[in-house]
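Novice: Supplied in structure tokens, the structure appears directly below.
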Amino acid sequence: SCMKAAPMKEVSIRGQGSLAYPGLRTQGNLETLGGPNDATRGLTSLADTFEHVIEELLDEQQVIQPSKENKDADLYSTRVMLSSQVPLEPPLLFLLEEYKNYLDAANMSMRVRRHSDPARRGELSVCDSTSEWVTAAEKKTAVDMSGATVTVLEKVPVPKGQLKQYFYETKCSSKGYAKEGCRGIDKRYWNSQCRTTQSFVRALTMDNKKRVGWRFIRIDTSC
């Protein structure tokens, strides 16, 4: 995210194999997601079918989202995977969230949405970011919701052995435009800065009293 721009004279800049998703539930299958009326609709386009399936999955996911009354609800996300090897793609719910935000951005037909893709119009992000999977061995420690520093455990015991914890982190790119401020801000009159922001995810950790448990910890999730 881009820090709120302010006049240069008024503001000083300060630095700052097997797999599973914890908490993920699915229901039904691709044949039942469409409902009883699918048989009478005929053959639909692949894009419309894909949109329908995603919306069904998003509706299901809303059941396990924190209450909107919780002021920290928007800080929760599912960017943790338990796997025997490095994941090859971003987490499923991350992709669904991105797609949902894209659909909510404009109230238009699917065809218009496809042609209004930012990539087609040559649009650029205000701040450049990079995303990658990192292991608990790379993170070592993290800060939990109470502000305490906890140790992130590298492996999680499962019935048939152990799986490693992987975290999908997004941060501001160390190359390119990030060092020069937010893209699109007139540097002659405004100061701006791209900075990495964090969210809470659930991970297996150990506190300073050697107590092991699932806790919400902060990881880098956006720029």
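Positions of Cβ are set from backbone N, Cα and C atoms, glycine also.
The signal peptide feature in Swiss-Prot is assigned to 1-5. According to Swiss-Prot, the feature N-linked glycosylation site maps to Asn107, an assignment based on sequence analysis. Summarising the annotation, Swiss-Prot assigns disulfide bond to Cys127-Cys194, Cys172-Cys223 and lists similarity to another entry as the type of evidence.
So where do these features actually land, and what's packed around them?
Specialist: In three-state terms derived from DSSP, Cys127 (disulfide bond) belongs to neither a helical nor a strand segment and is classed as coil. Around Cys127 (disulfide bond), taking its Cβ as the centre, 24 other Cβ atoms fall within 10 Å, counting all chains.
Secondary structure at Cys172 (disulfide bond), taken from DSSP and collapsed to helix, strand or coil, is strand.
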Novice: Cα distance, Cys127 (disulfide bond) to Cys172 (disulfide bond), nearest Å?
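Specialist: Cα to Cα, Cys172 (disulfide bond) and Cys127 (disulfide bond) are separated by 7 Å.
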Novice: For Cys223 (disulfide bond), what is the secondary structure by DSSP, using just helix, strand and coil?
Specialist: coil
